[in-house]
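J.: Sharing a structure with you now.
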Amino acid sequence: MELDGKCYKLLGSTSKNQLHRGDQSLQHSDRMSVSRRCLCCVKYLMFVFNLIFWLGGCGLFGVGVWLSFTQSEFSSLPLSFPSLSAANLLLVAGGVTMITGFLGCLGALKEQRCLLMTFFVILLVLVITEVTLTLILHIFHKQLDTKAQNDLRDGMKDYESNEGLKKSWDSVQKMFKCCGVTNQTEWLVVRNHTNGLPPSCCSGEVDPCRNGWSEPCYEKAKQWLLDNITSVLIFGVCIGIVQIFALAFSLYMYCQILRAEKYLD
């Protein structure tokens, strides 16, 4: 009888242990199921955000290409010329954004921690660079304007000897109906006061031109750029918001994959 009682107790204890293990297994399975669902949700959200990010990069690159072609006549001018600087900036920003967006889409679909962390680091560096450049442009815009104007004035000295530069300056002055970098008297210094202003400074392209357009080319080009860049800036802000969400989703997805791998171990 004592032996039978011990057997019953042993069987009861074994059953309780098995039930306890079963409960733990069910809880573990439930946690894994919830974690997997969260991971799947974040995965597709991140893919969508990165697809938007990639398309945004295509848009920026396209605007840069358009600006480069429309301003190709100014190609011999120094890169300090506002529209040329904007074109190059958009080309670089668009190219980097496209590559980063593609990497993010691939990392989300493959669920690879290495790709996700690479994407996160590149995107973080990109965001920091964008913020830094914005601050530099805002804080030092006067110094940058002065340097750009000085570069353009130095380029004016080769107007007579450099055919490509001459063509670019003539195209700028005819297009914007302007003369000189900041005023028309700059040409008189370059052309030794005797040759007058370049023919492109006058509406009829008379040679020599004595009384050309009074408006400066640098300010006219800068204003043209500001008038046409509003939509690009709005687009850039939207891309910035997408970048922040992409950073958050990639980091969260990385943590979820890491947690899932620990559960499997």
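Positions of Cβ are set from backbone N, Cα and C atoms, glycine also.
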J.: Quick one: which of Cys201, Cys202 does TrEMBL link to Cys179 by a disulfide?
T.: Cys201
J.: Within 10 angstroms of the C-beta of Cys201 (disulfide bond), what count of other C-beta atoms is obtained when all protein chains are considered?
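T.: So the number of other Cβ atoms within 10 Å of Cys201 (disulfide bond) is 27.
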J.: Under 8 Å Cβ to Cβ from Cys179 (disulfide bond), same chain, six or more residues apart: give me those in sequence order, or none if nothing qualifies.
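T.: Counting only residues 6 or more apart in sequence, the Cβ neighbours of Cys179 (disulfide bond) under 8 Å are Gln173, Trp187, Leu197, Pro198, Cys201, Gly212, Trp213, Ser214, Glu215, Pro216, Cys217.
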J.: Out of 44-69, 116-140, 232-255, which stretch touches the transmembrane segment (89-109) the most, going by CB pairs under 8 Å?
T.: 44-69
